[in-house]
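**Q** Quick one: the structure is below, questions incoming.
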Amino acid sequence: QLYRRWTEFLAGSPVQRGCGVSFYGDTEDPSGCLLELSLGKFRNVLLNQTNPVEAVIRNIASNVTVIIFQVHSQQSDVVISFDKNPSTNSSGTGVDRGLISILRPQQTVCTWYLRSLDANQVLSTAISMPYMEKDPIPGGCNLEFDLEVDPNIYLDYTLVDVRIKFAPANLGYMRGANPPSCDSGTGQNSRWRLRYDVYQYFLPENNLSEMVLMSHLRKMSEVQSIKANGVKMLTVTSDDKTDVYFSSLPGQGVIYNVIVWDPLWNTSAAYVPVHTYACSFADLVDNCSSLSKLSTKIFFTALAVLGLFTCFFGHRFWKTDLFFMGFIVTGFFFFVFITRVTSLGYDVRLVLTAVAGITGGILLVASWWRFGSVLLCMLIIGLVLGFLFSSMVFFTPLGDYRVFRDDVVFWVTFSSVALMIPVLFVGCPRILNILACGIVGSYSVVLAIACYVYTSLAYIALDLLRRILNDYFSRAYTNVPFQTNDFIVLAVWLMLALSGVTVQLRRERSEVPFPPHPYLTWKRERERRSTNVLDPSHHIPPLRERIHGKLLQIKELFQKEQPAGERTPLLL
């Protein structure tokens with residue numbers, strides 16, 4: 001009872017128990033399973049598996065021709081049907097499901113039945129939306145799904161993308177009339193004139209509460225509310241396929257809905273909204289509450305420590321800077337390669353990526369020591385900064401433009417933007433290196449934060465990786481939320497980047513731009529020691545003799561000390 005009262009208080013509306021007692025002014029039903037509804041009003045209800053709830057609407061106005069009844073729960077499937085004994089063609093099952101009732105002349109009462117598939121009680125919210133004779137009918141030309149008229153949006157997700165699919169709508173008509181033909185023609189007097197606007201709405205970040213979901217679903221159920229709160233992603237015509245792809249955001253709640261619009265009558269109707277967190281609540285490992293693996297946290301935390309050091313001291317400690325950049329380049333491309341060509345587990349791939357990154361960092365430092373080419377090193381560092389900058393550009397709404405659905409256009413544009421950075425700074429490599437240290441090093445801290453707290457800024461790099469690894473990710477819209485956590489993390493990123501760049505510019509302004517050639521310096525020192533007999537270093541023993549001497553010293557530590565004095569008896 002305390003739980004029900006608390007949920008009532010949070011939701012701002014009474015919670016009707018599935019069978020038995022109701023609270024706060026609701027009339028107790030003698031049969032125990034009756035839910036009285038009003039058009040356009042939400043009701044929270046607790047459903048169970050054994051006793052179906054009968055939902056009833058009475059006194060329906062004569063100008064109402066269609067009613068869409070829908071029910072939503074967070075994670076447990078709910079069955080909604082026209083009959084007590086549901087059949088395939090008269091029911092729907094899911095967390096977001098609805099049925100559409102075409103009203104007969106003089107009909108004033110509608111009835112539906114609800115029950116859950118879970119043995120425990122399931123909190124759900126129900127609403128019925130009325131539409132008039134000139135309003136289009138969502139799902140009225142369904143040829144794919146089980147229901148004859150299907151107003152539902154069907155959602156599937158993977159770790160990469162989310163797919164929503166819906167049935168085409170039909171034109172509205174008055175009570176008792178025959179529905180317009182779905183395939184009678186493609187002119188302005190047919191359903192082909194209809195347009196479909198797809199909307200997206202983000203729930204608060206890091207919030208998996210049932211009541212939060214229920215309250216926000218109300219903002220995405222009615223046409224005017226959807227337009228006021230949702231973000232319009234695209235418009236689909238009757239000539240297009242009625243399925244849309246979005247990038248997957250595991251752990252982030254998202255609500256989708258579609259508004260069908262009749263341009264001739266300027267009327268609209270909304271489908272049944274659907275939500276997803278792109279993760280499972282039931283899994284014991286990698287569920288919605290704990291998405292980041294331990295290996296991911298260790299990898300990016302270690303990378304963030306090195307990146308934070310590089311952010312403030314990268315140019316002074318030049319070889320550490322080279323190791324950091326070489327690690328990023330080699331690790332990134334190696335991870336892409338083994339993911340493409342092997343089926344190894346994620347943890348194994350991450351360990352191999354770390355080994356490859358360390359090897360790549362050492363090789364870049366070794367190439368600098370042997371060849372001393374500032375141009376080569378700055379080309380690699382400039383490309384790292386350029387790739388991050390180009391990813392930031394396509395992270396904006398610019399990346400969702402239809403022209404970039406084409407892979408050739410996308411990669412040519414992406415590469416051009418990335419190459420622009422080293423080209424612009426070719427005359428001032430020190431400034432380029434300091435900028436790369438500050439921006440790239442501080443972004444590694446952002447990636448580490450994303451392992452513990454959700455932030456959309458991690459998708460700057462993750463969306464690029466998805467585009468490389470998945471051939472069909474180009475069709476997905478990559479819009480992400482930008483809420484309180486993201487503003488805080490963005491402020492931290494900007495603060496670290498600006499501080500790191502400022503500190504290094506002030507400290508290095510009176511120093512030489514880059515260290516001298518290491519190999520030539522070592523070679524000159526060796527020649528000087530070999531010719532100058534007055535140099536103390538000239539008399540240093542060879543390396544082999546020094547190692548042999550150290551081993552003898554270690555060996556002496558384990559030898560038993562011999563007693564001093566005469567071993568034979570003294571003669572008198």
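Using the three backbone atoms N, Cα and C, a Cβ is placed for every residue, glycine included.
Marked as domain 'TM7S3/TM198-like' by TrEMBL: 301-505. Annotated transmembrane segment per TrEMBL: 298-315, 322-342, 348-369, 376-396, 408-427, 434-462, 487-505, in sequence order.
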**Q** Of the listed stretches 298-315, 322-342, 348-369, 376-396, 487-505, which one has the most C-beta pairs under 8 A with the transmembrane segment (434-462)?
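**A** The stretch with the most close Cβ contacts to the transmembrane segment (434-462) is 298-315.
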**Q** Report the mean pLDDT of the predicted model across the domain 'TM7S3/TM198-like' (301-505), rounded to a whole number.
**A** 94
**Q** Mind pulling out the one from 298-315, 376-396, 408-427, 487-505 with the most Cβ pairs under 8 angstroms to the transmembrane segment (322-342)?
**A** 376-396
**Q** For the transmembrane segment (298-315), which stretch among 376-396, 408-427, 487-505 has the most Cβ pairs under 8 A?
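**A** The stretch I would name here is 487-505.
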